[in-house]
Amino acid sequence: MGRFIINGGNALNGEVSISGSKNSALPILASTILIKGVSVIENCPNISDVNKTIDILRILGCKVSFSNGKVVVDSKNANMFEVPSDISEKMRSSIIFMGALLGRFNEVITGYPGGCEIGERPIDFHIKAFEEMGVKFENSGCSIYGFGKNFKGANINLDFPSVGATENIMILASVSEGQTVIYNSAREPEIIDLQNFLNKAGADIKGAGTDTIYINGVKELKPVEYSVMSDRIEAGTFMCAVATTGGEVFLKNANATDMRQIILRISETGCIIKEYENGISVKKSGFIKPVNIIRTEPFPGFPTDMQPQMMSVLSLARGTSIIVENVFESRFKHILELSKMGADISFEGRTAVIKGVSSLNGSCVVCRDLRGGASLIVAGLSAKGETCVQNSVYVERGYENLDMKIRNLGGDIKLLK
């Protein structure tokens, strides 16, 4: 499955271009199913999740090309409404096709994200909302079939501000009859980006970025050209890398407005961060300071997708820090791997206590998920000796040319397939 080989100890210096946002590109690409024509999506990162999304579009009957960050989608002749279960089971974000396929074909078949796991499923938020709009569902083994006609707007109260559910509702509601109001909606910047894309295509949506979104359905969407926002999580990951290794890096295209909590928390560790019109600079200044308590929260709180990388930084702080993971259960899989490198971290339930150590040591560690894998790379860049990060495929899901970008800044890292 590939591995990263890292020789730690080199400070990072220079400039790195932040790629387009994974979490924005995926729902926007799925939304092109609603448009019976050619759409051009710029600034798409060349990562495996984007390429798998393109594979799904092709399976559904779209013509798609992808080159130099530009995805051209011709969905005029799309003729399928089933996302193959072998893809949906492995790619949780494929759930975002539900709203688009219901809007285009009035029906959808997809597998459950994660397969046939028993227990509460993230898909339940989506199903409940769609049912309020008139969608009916039938279960068939590990797949679900949604169908109906003349879907109508509804007042939808989300039990949790789920990003995926908010996006799915926005997509279907944009071409449904009447008005849909989403209460307790997700407020992430990627929601604003999806609203901007859909509105440019002719939708009538207001309120993205707040906890209430209003969607007035239109009959159809028109072909559009659009550029995806920059990836705030990639930018935050590079900030953490500089915090551990030292040096000074300019993050070209990073948008500080989308990163307030990330900037605040990394600044508290002692880094000097400056904001510019075209990016952000980060410079390590002295030793790493501990941070009292970081609680992950939906936006505008500290993002759960930055929790593992921040833990790597705090593992080297002069003192004790606490992280409380409020968004996802079981998002501490990286702790065992960091401990192999000498980190002193304990956890119980959703709370981790990080006692800083003077240095980390290179080791052979294993990626268990995307952001956990990124945290191991951040740790490896500062560790003494060689670190081997196995299962690189997880990191490749969400970071474009990460090894090359780090090498260009002076880091010693290579990716072995």
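Every residue number used here counts from 1 along the chain in the order it is shown.
Backbone N, Cα and C atoms are what each Cβ position is placed from, and that goes for glycine too.
Features reported for this protein in TrEMBL:
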type	residues	note
ACT_SITE	Cys116	active site, proton donor
BINDING	Lys22, Asn23	phosphoenolpyruvate binding site
BINDING	Arg92, Asp305, Val327	UDP-N-acetyl-alpha-D-glucosamine binding site
MOD_RES	Cys116	2-(S-cysteinyl)pyruvic acid O-phosphothioketal
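Cα of Arg92 (UDP-N-acetyl-alpha-D-glucosamine binding site) to Cα of Asn23 (phosphoenolpyruvate binding site): a distance of 12 Å.
The CA atom of Asp305 (UDP-N-acetyl-alpha-D-glucosamine binding site) is located 11 Å away from the CA atom of Asn23 (phosphoenolpyruvate binding site). It is 16 Å from the Cα atom of Val327 (UDP-N-acetyl-alpha-D-glucosamine binding site) to that of Asn23 (phosphoenolpyruvate binding site). For the binding site of UDP-N-acetyl-alpha-D-glucosamine, formed by Arg92, Asp305, Val327 according to the record, the largest Cα to Cα distance is 16 Å, rounded to a whole number.
Around Lys22 (phosphoenolpyruvate binding site), the same-chain residues at least 6 positions away in sequence with a Cβ under 8 Å from its Cβ are Pro45, Ile47, Asp49, Val50, Asp231, Ile233, Arg397, Gly398. Of all Cβ atoms in the shown protein chains, 17 besides its own fall within 10 Å of the Cβ of Val327 (UDP-N-acetyl-alpha-D-glucosamine binding site). Long-range Cβ contacts of Asn23 (phosphoenolpyruvate binding site) within its own chain (separation 6+, distance under 8 Å): Val163, Glu188, Glu190, Asp231, Ile233. Fewest Cβ neighbours within 10 Å among the binding-site residues Arg92, Asp305: that distinction goes to Arg92.
For the recorded UDP-N-acetyl-alpha-D-glucosamine site, residues Arg92, Asp305, Val327 set the reference point as the centre of their Cβ atoms, and the other residues of that chain within 8 Å of it by Cβ are Thr304, Phe328, Arg331, Arg371. According to DSSP, Val327 (UDP-N-acetyl-alpha-D-glucosamine binding site) sits in a coil region rather than a helix or strand.
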